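Feature annotations, reproduced from TrEMBL:
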BINDING   38, 39, 91, 92, 93, 94, 95, 96, 97, 98, 99  5-phospho-alpha-D-ribose 1-diphosphate binding site
BINDING   92  Mg(2+) binding site
BINDING   95, 138  guanine binding site
BINDING   95, 138  xanthine binding site
BINDING   95, 96, 97, 98, 99, 137, 138  GMP binding site
DOMAIN    9-147  domain 'Phosphoribosyltransferase'
Ligand SMILES: O=P(O)(O)OC[C@H]1O[C@H](OP(=O)(O)OP(=O)(O)O)[C@H](O)[C@@H]1O
Ligand SMILES: O=c1[nH]c(=O)c2nc[nH]c2[nH]1
Ligand SMILES: [Mg+2]
């Protein structure tokens, strides 16, 4: 279990993905984008729009069941991207780097970018925007919904 949570809203995700696009536009042009499903799909859509890129491939890697990490399973390889030369690979985040390692093995020449990064996975990423600590779990807007929370004074009194 993570010891803290970092909640990302749709608005923040859009802004952070655009910030990543600003960094990536200088590194292009790109032949196409490989989105790591599922988490990379929405950042990839936002960034593809900003980079004016219409060729999108996907690679499907299943590493986590909610917060529980397992062995990575490749459910779909990124066939159209060859060895990755000239391609941009996008994911929502890098945590331990397990997923990134598998994708780098398949696309050794690609540029690998994520919106968020944790320290253990950071060395595997070429470009990212925001770093959070290793014990932080990032809560994405597609995994959450607004709900009632108790006033701080009341939840502090319960401790
Ligand atoms: O650096 P790692 O420790 O490998 O963790 C990062 C990966 O974990 C999550 O994917 P997940 O396996 O939950 O699948 P999903 O994208 O389909 O939700 C996330 O989207 C990254 O792809
Ligand atoms: O939603 C998520 N948040 C995270 O911090 C994380 N790390 C690995 N996989 C993750 N998925
Ligand atoms: Mg993922």
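Here the Cβ of each residue, glycine as well, is placed from N, Cα and C on the backbone.
Just so you know, TrEMBL annotations never went through curation; they're auto-generated.
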Next item on the list: Would you mind reading off the Cα separation of residue 137 (GMP binding site) from residue 91 (5-phospho-alpha-D-ribose 1-diphosphate binding site), to the nearest angstrom?
Entry: 16
Next item on the list: For residue 98 (GMP binding site), name the DSSP secondary structure in the helix/strand/coil scheme.
Entry: helix
Next item on the list: List the Cα distance (Å, whole number) between residue 95 (5-phospho-alpha-D-ribose 1-diphosphate binding site) and residue 138 (guanine binding site).
Entry: 10
Check: Do any of the binding-site residues 97, 98, 99, 137, 138 touch ligand 1, in the sense that the CB is under 6 Å from one of its atoms?
Finding: 97, 98, 99
Item checked: Where the C-beta lies under 6 angstroms from ligand 2, the matching binding-site residues among 38, 92, 96, 97 -> none
Note to self: For each of 91, 95, count the other CB atoms within 10 A of its CB; which of these binding-site residues has the top count?
What the structure shows: 91
Checklist line | Pairwise CA distance, residue 97 (5-phospho-alpha-D-ribose 1-diphosphate binding site) versus residue 138 (guanine binding site), rounded so that it is a whole Å | finding: 15
Next item on the list: Give the sequence-ordered list of residues that share a chain with residue 93 (5-phospho-alpha-D-ribose 1-diphosphate binding site), lie 6 or more positions from it, and have CB atoms under 8 Å from its CB.
Entry: 39, 114, 115, 116, 117, 118, 121, 138
Check: How many other Cβ atoms sit within 10 Å of the Cβ of residue 98 (GMP binding site)?
Finding: 18
